[in-house]
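As recorded in Swiss-Prot, the features of this protein are as follows:
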- Asp668, Glu672: Mg(2+) 1 binding site (BINDING)
- Asp668, Glu672: Mg(2+) 2 binding site (BINDING)
- Asn848, Asp849, Ser852, Asp856: Mg(2+) 3 binding site (BINDING)
- 668-672: motif 'DEXXE motif' (MOTIF)
Amino acid sequence: MPGKIENGTPKDLKTGNDFVSAAKSLLDRAFKSHHSYYGLCSTSCQVYDTAWVAMIPKTRDNVKQWLFPECFHYLLKTQAADGSWGSLPTTQTAGILDTASAVLALLCHAQEPLQILDVSPDEMGLRIEHGVTSLKRQLAVWNDVEDTNHIGVEFIIPALLSMLEKELDVPSFEFPCRSILERMHGEKLGHFDLEQVYGKPSSLLHSLEAFLGKLDFDRLSHHLYHGSMMASPSSTAAYLIGATKWDDEAEDYLRHVMRNGAGHGNGGISGTFPTTHFECSWIIATLLKVGFTLKQIDGDGLRGLSTILLEALRDENGVIGFAPRTADVDDTAKALLALSLVNQPVSPDIMIKVFEGKDHFTTFGSERDPSLTSNLHVLLSLLKQSNLSQYHPQILKTTLFTCRWWWGSDHCVKDKWNLSHLYPTMLLVEAFTEVLHLIDGGELSSLFDESFKCKIGLSIFQAVLRIILTQDNDGSWRGYREQTCYAILALVQARHVCFFTHMVDRLQSCVDRGFSWLKSCSFHSQDLTWTSKTAYEVGFVAEAYKLAALQSASLEVPAATIGHSVTSAVPSSDLEKYMRLVRKTALFSPLDEWGLMASIIESSFFVPLLQAQRVEIYPRDNIKVDEDKYLSIIPFTWVGCNNRSRTFASNRWLYDMMYLSLLGYQTDEYMEAVAGPVFGDVSLLHQTIDKVIDNTMGNLARANGTVHSGNGHQHESPNIGQVEDTLTRFTNSVLNHKDVLNSSSSDQDTLRREFRTFMHAHITQIEDNSRFSKQASSDAFSSPEQSYFQWVNSTGGSHVACAYSFAFSNCLMSANLLQGKDAFPSGTQKYLISSVMRHATNMCRMYNDFGSIARDNAERNVNSIHFPEFTLCNGTSQNLDERKERLLKIATYEQGYLDRALEALERQSRDDAGDRAGSKDMRKLKIVKLFCDVTDLYDQLYVIKDLSSSMK
């Protein structure tokens, strides 16, 4: 087995010693904070749980009182000026949960003030009114309900709203996504039999507040463990509210949380308590994984926390959760990793037996959706096993799952246990760096083929590059302390990887600036990044991340060698030459050298993937065309524009668009070199195109495109049959693409129309070229059947692949971003996107023609400048320079209208979405603009150099 990845040595011995002392202090304080009965917890206070604890009444000697009046006062102190509680920029759902629960608590206290006499009814009424107004405002713009990470939201929010409606004596709260919430509620409830909750432990026990009045809480007392319902203060509070028999153990638990939690008696209640196993494993693993050595931080604290984990795994039969009796794969895997780092390894076999699924590991026994970070934690724990080969199947499974997740993630990778995309990004960089290290050393080389290694390398490269590209000027990432730590830890790990040799100075600069910001950052600034029912911070864990980031950033790093076995990371000579060409374009001339080189390297990972599909549709080697050098260029056009605009579209979308670009070039060549000559009679080729498209639409079973129908061509030659098969393969690859079939019927219809027009335009172009080639003069097209305006808006424009590619992209957005809904739903949006498509297509044709004048003249192909509108002006013949100047002016005119159409589309999309305009509305516009940027880049490149293969 190859040696471990060395962290390096401190640049400054005194600074290093300071961090070591701080790390040992953290370990000691965490261990000493551990209570032998109630455990350990440094999670921040949460309004949601505080509100539920504030609603617990208790009757003593026939006198009813609020059990925790300090919680009520905490709610008064934390209400914002706009009437809300818990508003966060990263999640709307948490604010709705906090505000709804706090308003409910105030309503309960307003109806029965009991012993709390220092708040007037007028003040209470005003606070409740402001709270309800805020809640309605939040519900009206709620757009992350389907994407929410928060536990039990499908149960909790409907229950809260129902309780509020009853207390306020008002009809139902109406808001745009209510039907979505109700559907989610029904689907989730369908997975549970409430009667079974009385027997076996169930995840519902974590959210009993959603089942007040629906369950007999007196039958749930046996589920209490050390006074809590699954370590949830809000669920435990609901149990005390709903049970007819008082439970002293539950009261004692909540009193301990009140006194010893993050609120320290001020009324604030932690959202989860305890988090013993979570904190022990995260603190140890975070400190030892990349920053500190075991020798540096060994002591009573480290040994004590390690012992807690060992005993928990022993007592709970090999699988643990964040707290006792809450088993999950996350905490189990992290504990295994932590213990391996302190040289006390525990077998992962039971974890595998309990949590391994068909294609990934589940966090719990059942869950609505899988977790990327859970699988990365499993992978990291397995990579530390001494008998690595025994776990090859699971390593392969989790690596493949992670690659697929990254491949399909649009903009930022997302996970349900952490609100920041930087957390799963950091874990991916850590895990895949380790995977590459083991591949280089031969330990895992047999597991992954070249394509798989390519995707592993691509994932790391993109993860790190996007972290670099999104760093703020002050050195932080959005001003968040813990998230900045995640970013630094990922970048520090990347310094070991050879892919980043060309940009090591930039990478180190990012680390240094992050280090400086982090050192000056106050420990009191909270970063509520972890998710449960709402969002919270874990104090000791946040401190561990800060120390690990500071320590690792201060270490000298040996030469980067990891990843040397991934040859696709080395750009080809064609790409190197291409960079000089791209430098001349208006889009990329302002870019720093490192940024351009980074996109070139990222592009190189896509080239082998494209090469593997190079002849999947069209035969190449016997066609009389030049070598397809554009294959190595295509990936950059998409990657470069994607990085330049910081759009970060998914690899799934990027690759499909790259492949479509490749097919666009190949179709152009194939129709000219093969299909046209084979058919001879172009009317027959027109009929064949219609037949192929109609058959593809009517019969999805023809997806492999290898069997052609004999109808209509009873005596056709084998070559005609082969052409029909080839065109069927192409048509299937576009119209029967998996995501196209999952898109809206309207977007599919648009694609079919544009695709049919594109294919027929090729044949019409062949006819035009044939007539043009028979002319005595090649200077002007003497027999056009349309004016130039008509031609460029029909055959000329449709002949380039822009319009149908645009429609294809809209189908991908419909399927993947919008759950099969129309990409552009209103009639106005549909018109405007068609306008964008048309102007982009016309520009593409004009600039393409501008760049290919010499080739078109040589091959006698019709070019824009051959039309009479360019050859003559006021009866005077125009020379070549004059024609080119006029063509550029018209192209500039089209550019202006494209820009205006894009602006109008953006305004209309915002107006149609109203207050609920959310991330998906913005994303689709970003992707449309990215498509237009790529079109613009091709246009600029055509002006500099003709990119098409020449016909021999």
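Just so you know, glycine gets a Cβ as well, placed from its N, Cα and C.
Its Cβ placed at the centre, Asp856 (Mg(2+) 3 binding site) has 22 other Cβ atoms within 10 Å. For Glu672 (Mg(2+) 1 binding site) paired with Ser852 (Mg(2+) 3 binding site), the C-alpha to C-alpha distance reads 16 Å. Glu672 (Mg(2+) 1 binding site) has a Cβ environment of 20 other Cβ atoms inside 10 Å. Neighbours of Asp668 (Mg(2+) 1 binding site), defined as other CB atoms within 10 A of its CB across all chains, total 18. Sorting each residue of the motif 'DEXXE motif' (668-672) by its DSSP state yields 5 helix, 0 strand, 0 coil. Mapped onto three states, the DSSP output places Asn848 (Mg(2+) 3 binding site) in helix.
Taking the C-alpha positions, the distance from Ser852 (Mg(2+) 3 binding site) to Asp668 (Mg(2+) 1 binding site) comes to 14 Å.
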